Amino acid sequence: MKLRGKVRKIIQEKLNEGKVLHFSLFDPDKVNLESIYSIALKLVESGTSGFLIGGTLGVSKEKLDSIIEILEDFEVPKIIFPSNVNLITEKADAILFMSLLNSDDIYYITGAQLIAAPIIKKLKLESLPTGYIIVGHGGTAAHVGKARVIPYDNVELIVAYSIMAELFGMDFVYLEAGSGAPEPIKPSVISITKKYLENSKIIVGGGIRSEEIAKELALAGADIIVTGNIIEQNLEKALKIVKEISNIRR
Ligand SMILES: CC(C)=CCC/C(C)=C/CC/C(C)=C/CC/C(C)=C/COP(=O)(O)OP(=O)(O)O
Ligand SMILES: O=P(O)(O)OC[C@@H](O)CO
Ligand SMILES: [Mg+2]
């Protein structure tokens with residue numbers, strides 16, 4: 001919680017320097033507590049700018065807390081990526097205060113947020129207002145969040161949802177293809193969406209497994225690239241992605 005209250009500023013300053021950020025996603029259900037410190041160290045040395053901690057199935061606050069404690073010494077923001085209200089902890093620096101804009105269930109649009117808001121206030125957690133938009137494959141998050149998933153190539157809908165997030169004043173638009181998606185969101189879709197956004201920053205995640213794709217997405221206009229599965233499955237490849245993104249200047 002050392003960086004609490006500074007997270008948005010840290011992100012903004014890096015973006016102002018023309019950098020594209022990489023966030024490392026740790027799933028509390030899948031990560032091994034014995035190995036997480038050494039994995040995180042390599043990610044930080046390669047240039048990752050944030051830790052997202054979250055998952056949809058099998059996640060407990062206890063495991064979330066243990067992970068954040070292990071990561072505490074790294075001067076990198078530790079941000080909760082919540083699937084529900086049970087994953088709010090005072091140990092984090094910040095939380096993605098997300099609304100799943102293309103959900104059919106009001107619970108994921110304003111319901112969970114209603115329950116979370118007073119808790120976040122009480123804990124003095126920094127909140128990062130985020131429009132969460134699920135596209136394509138969608139994965140477990142789409143199923144649980146009852147998303148009306150947008151087809152990968154329906155750029156008109158993706159743009160409309162993204163503009164909506166910006167008009168609501170959300171600082172971030174998270175375009176999510178779903179954890180482990182067979183293909184990520186298309187760079188061409190990102191570049192078109194980018195043209196319509198004046199303030200909101202674009203987070204892209206889901207199915208990013210190569211430095212080539214990560215670079216294409218970054219050059220197309222993604223501000224933050226998230227990788228999760230590849231860190232668990234092929235750390236060397238994940239480190240290549242982090243290095244590639246960290247070297248980009250726009
Ligand atoms: C603001 C608060 C407290 C909650 C918001 C809750 C919302 C809007 C949730 C959206 C729907 C949802 C289930 C999102 C999950 C986001 C997430 C943590 C994705 C990464 O986890 P996965 O990789 O999909 O999970 P598994 O590995 O368990 O499949
Ligand atoms: O695990 P991957 O496929 O990298 O997806 C990351 C993230 O966007 C999932 O919510
Ligand atoms: Mg996962």
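Heads up, residue numbers simply count up from 1 along the chain you see.
Each residue, glycine too, has its Cβ placed from N, Cα and C.
Caution: TrEMBL annotation is automatic and unverified by curators.
Thr56 (Mg(2+) binding site): 20 other CB atoms within 10 A of its CB, across all protein chains. A coil conformation is recorded for Thr56 (Mg(2+) binding site) in the three-state DSSP classification, outside any helix or strand. According to TrEMBL, the Mg(2+) binding site annotation covers Asp27, Thr56.
Of all Cβ atoms in the protein chains displayed, 22 besides its own lie within 10 Å of the Cβ of Gly207 (sn-glycerol 1-phosphate binding site). The sn-glycerol 1-phosphate binding site annotation in TrEMBL covers Tyr174, Leu175, Glu176, Ala177, Gly178, Ser179, Gly180, Gly206, Gly207, Gly228, Asn229.
Other Cβ atoms within 10 Å of the Cβ of Gly178 (sn-glycerol 1-phosphate binding site), summed over all protein chains shown, number 23.
Under 8 Å, Cβ to Cβ, and six or more positions away along its own chain, Glu176 (sn-glycerol 1-phosphate binding site) finds Tyr132, Ile133, Ile134, Val135, Gly138, Ala141, Gly205, Gly206. Rounded to a whole number, the distance between the Cα atoms of Thr56 (Mg(2+) binding site) and Gly178 (sn-glycerol 1-phosphate binding site) is 11 Å.
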